[in-house]
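Undergrad: The disulfide bond feature in TrEMBL is assigned to Cys55-Cys114. Annotation comment: TrEMBL describes 24-219 as domain 'Pentraxin (PTX)'. Per TrEMBL, signal peptide is recorded for 1-19.
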Amino acid sequence: MAKLIVGGLLLSVLSGCVSQSDMKGKAFIFPQESATAYVSLIPQARKSLQNFTLCLKAFTDLTRPYSLFSYSTRTKDNEILLFVQKAGEYMFYVGNSEVTFKAPLNPYAPTHICVSWESASGIAEFWLDGKPLGRKGLRKGYTVGAEAKIIIGQEQDSFGGHFEAKQSFVGEMWEVSLWDHVVPLREMAGGCYIGNLINWQALAFEENGYVVTKPKLWA
Ligand SMILES: [Ca+2]
């Protein structure tokens, strides 16, 4: 398996697709609605997960549903999914099951989202803009699959594809980070983004379609 991964990465590097860069101070802009614009994030290790923490910052004025973070495996398209049903209503999926966290409406401000999940208890803890939105439980005892396509900008309904323009993200996203353990989210309120699986300061990624990188507008 390791050989395959290394081989795959080498192949991608040779074909010039994968970039690795320090994205500190920068954001991905998804300037138009489409079913073609997205960024694939390549984790620093491929491993199954019994715990994880995901953080990101985003700005959008969308009022329709949209995806923020889509982690799909061959067997489960919503292995990990952060999806906004409508402003202030965050759906969080693990292993195709979901819980919803509701927040007060503040639709035109950038949002800082952190969510952690722990298999032993099934507890998902959700923080928005440095404040807790509570804890809910799902998929107790589950293990998240290792071989994944991790995509921002689009929502996967199959492994690495089956996008819908009407679920695409239009706006800006920055400081996306993923850890293979539960990080105390109270400590993340300041905006830490050096995940050990996805590290914004050493981000391996592949851009597809109309995606632009620019200095971030918000903190
Ligand atoms: Ca899906």
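Each Cβ is built from the backbone N, Cα and C atoms, and glycine gets one as well.
Whatever TrEMBL says is automated annotation, not expert-curated.
Bear in mind that the values here come from a model prediction, so they are computed numbers and not experimental data.
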Undergrad: Could you please provide the mean pLDDT value for the domain 'Pentraxin (PTX)' (24-219)?
TA: 96
Undergrad: Give the number of CB atoms, excluding that of Cys55 (disulfide bond) itself, located within 10 Å of its CB.
TA: 25
